[in-house]
Structures are given as C-alpha cells and as structure tokens.
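Here the structure is laid out as structure tokens; the discussion comes afterwards.
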Amino acid sequence: IPSISTILILYVSKLNKIVHFPDFDKSIPVKLFPLPLIYVGNHISGLSSTSKLSLPMFTVLRKFTIPLTLLLEIIILGKRYPLSIIVSVFAIILGAFIAAGSDLSFNLEGYTFVLLNDIFTAANGVYTKQKIDPKELGKYGVLFYNACFMVVPTVIISFSTGDFQQATHFQHWTNFLFVFQFVLSCLLGFLLMYSTVLCSHYNSALTTTVVGAIKNISIAYIGMLIGGDYIFSILNFIGLNICMVGGLRYSFLTLRGNSKPTQSGDEDNALPESKC
C-alpha cells in the first residue's frame, strides 16, 4: 500500500510539475538494479526474523546494519571514514550487546534471517545513495520506479501468505474512521520513505542508519518513563547509555564536519581526517 501511495503522489506531482524525474525508458531498470531485488529480500527477511527472536536479541542483531553499512560504503562507494567515526559506530554495537547481555538465547533460524535482513538493509541504504545521484535517477526517480517495480512482487507475496485475502475480507472497510486512519498511514508511509531517501541524499547512508539507531534508543528511554513495561536491569541500562553516547558522538563529529567521507583516491584529504 505505501508503494501505491508513493506512485500516485509522485505521478500527480510530476504531472503538476512539482517534482521532476526521468520518463520511463528501457534504461530505467538497468539504472535502478539491484534496488528492487534488495527491497524484496529486505521485506521477506524482516518479516521472517521478527517472530523468531526475543526483542532484546532482535535489537542487538539489527545494530549490525551500522557496521555493514560502513563496510559497503567503503567497498561500493569508495568512501573512507576517520577512526573516530569507526569507534563511535562500534560503541553503539558494544552498547547493544551489553544491553541484551541477559538474553543470549540461541535460535539459528532467527539469527540467519535477522543477519540477512541487516545485509539487505545496509545494501538498500548504500545503493539508494548511489542511485539518487542527479546524474542517475535522482531521489524522486528512485522512489517512484522502485515503488513501481515492487507492486507486482508485493501482491504475489501477499497472495502467497494469505494477507491479501484477509485484507479483502476485512469487516471495517465501510468504517469512515478506519478508512481515514488507513489513508493517513499510507501517507505517513510515503513520508517515511521520502524522509529516509532525503536524509541519505544530504548526508550518507551511514548517517541515515545511525539516526535510525539513535531513534530506537530514544524510544527505549521514553519507555522507561511511559508505558510501565520496562524491566530495569543494570546491564541493560549501561548498554543503552553506551549506545546513546556512541550515537551522540557520531552526531557531534558529523556536525563538526570530521566525518565527511573522502573518496579512496583522495589520499591528501583522507590522511588528516584519519588522525581525528
């Protein structure tokens, strides 16, 4: 549904000359590849992993998206980061491990799916950063054509899992309040995808991933005060604080400009940054 709302919103905006992106031609699938495949893999592995693991371990293993994003940016985009940024990233990972230290249950299937989800998520962020280059498809082109290519696979997956049939037989489609909230959620889904692409456009895939991690940590802090279901443990509290310190340190370095990545060939600029 968010894909359909994305297609409608961007197509109408293009007709009214609010946004601009290339018209479809035979080069579009080549330019967009492999984003649709990565999105499908991300969707399937994400749904498969959530039910296999406890929430603490799921949270820990999802943090591996951050170092994987850093690694893929170095390999695919040829970027380099100073040691201070790398230390901040691994502080977030360390904090997540400490926070979930009391819940080290082992589930091979769950671990496999969530680590696959980490790989697909990291690859999605890095390739999105590559494809939103104005010389390629641009941010609106990536959003629009990726949504177009995802409609058919999403419908097939929905049919195979039975979700489509359940949706068509849902009893509250005549309920105005439900329909209003459903449409609102579709619009918010588009805004979420757009804001994620926009963050990657102005920053880096790594920054987008770290911002998401800081958001999740912030939710954990809020959950300590609101909701009443947070169970305090010293390891969990220490781990959350280490995660937050690592995230804030990364943000500080980014705002100060020390995290500006350099191309692998730009040795003169890369060497001073690595001393940070």
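Cβ coordinates come from backbone N, Cα and C, glycine included.
Just so you know, TrEMBL annotations never went through curation; they're auto-generated.
Per TrEMBL, these features apply:
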DOMAIN    7-251  domain 'Sugar phosphate transporter'
TRANSMEM  83-102  transmembrane segment
TRANSMEM  108-128  transmembrane segment
TRANSMEM  140-161  transmembrane segment
TRANSMEM  173-193  transmembrane segment
TRANSMEM  205-224  transmembrane segment
TRANSMEM  230-250  transmembrane segment
Spatial neighbours of the transmembrane segment (108-128) far in sequence, C-beta under 8 Å, 6+ residues away:
34-35, 38-39, 41-42, 45-46, 48-49, 52-53, 57-58, 61-62, 64-65, 68-69, 71-73, 76-77, 142, 197, 200, 205-206, 208-209
Who are the long-range neighbours of the transmembrane segment (173-193) in its own chain, taking Cβ under 8 Å and residues 6 or more past its ends?
1-2, 4-6, 9, 143
Who are the chain neighbours of the transmembrane segment (83-102) in space, where the CB to CB distance is under 8 Å and they lie at least 6 residues beyond its ends?
56-57, 59-60, 63-64, 66-67, 70, 206, 210, 213, 233, 235-236, 238-247, 249-250, 253, 258-259, 274, 276
